[in-house]
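Straight from TrEMBL, the features:
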type	residues	note
TRANSMEM	9-25	transmembrane segment
TRANSMEM	37-59	transmembrane segment
TRANSMEM	71-91	transmembrane segment
TRANSMEM	127-147	transmembrane segment
TRANSMEM	167-193	transmembrane segment
TRANSMEM	250-269	transmembrane segment
TRANSMEM	281-299	transmembrane segment
TRANSMEM	350-376	transmembrane segment
């Protein structure tokens, strides 16, 4: 059973941080943190210079819809990877992940995590799969550039970022490094949000299963049990607040950048697909896949968490064993519990602007489809 604890699963993902040299935990020696700082700084500076070079080409060259869409998508993608690397180092320096895991275990002894361990293991396995796909995709791009092959609708001037086509390998290695860090940061986000979601889902099952059984055969014992559930919910809400404090800026930056990338990548695929560019479209499909995968990884777990938190009060109100027959002590305890559950702003927010929820995701998808249709009309 020890192999399925969230801290062990989390360590399997964070192990890649140590391999990549992102090691900013305070309990590490100053030499290791200094080396990590140098590695991260150099790679991030190279990527930011590359993003600036992409912007320069988009402004100063003749406008071509497919080329500009590809350049903007690639530049934003590299920017996301760079920012994720910075966020990953920031989380390590503050030990935010350790605090969230500690709060998860203090809330309900990790019962929800234990009952949903197979789903967490599946997340870790999908992490390995994403790492393998990322490496294969970047290695394929490196080989294509070395062989002077045209990759998708890529700007032919991009390999001249350092004035020599052969030096473009430096940018590719730097982008690969930050993309691997981006994958680690993304799955840390997914793992912690899913773990909190599983804890709340198990808590809701506890609320639904309240009844006058052998353990709660008297009104006083049932009131005490409701009070214990209220305390557990308080600890879970503290965990959600800590989770939101850790991820609200990251969610804001990633969602704000992944939306235009997804629109431009879909525009690149759907705009005038004829036989002459079928191979270019096929080579551009991995970019579209990664954009869609990242978008749903960012919005699906927080929306499920918010929906589960919001449904706790419904589970309490639907439990007839609490409300009938009428017992004054139990009724007032349950009413106090229901008032305590009336917290609609709990969840992972987008830097405090809005909580990620299913209505927000639906609205975002509708706006994205509308923008894509508008761009296709303007492109024609």
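Note that Cβ sites are derived from N, Cα and C of the backbone, with glycine treated the same way.
Predicted, not measured: the structure shown is a model, and the values here were computed from it.
The stretches the transmembrane segment (167-193) and the transmembrane segment (350-376) do not meet in space: the count of Cβ pairs below 8 angstroms, excluding pairs fewer than 6 apart in sequence, stays at fewer than three.
Touching of the transmembrane segment (250-269) and the transmembrane segment (350-376) is concluded from the presence of at least three CB pairs under 8 A, sequence neighbours closer than 6 excluded. Listed as Cβ neighbours of the transmembrane segment (37-59) (distance under 8 Å, sequence separation of 6 or more from its ends, same chain) are residues 21-22, 24, 68, 71-72, 74-75, 78-79, 81-82, 85-86, 89, 155, 157-158, 161, 170-171, 174-175, 177-178.
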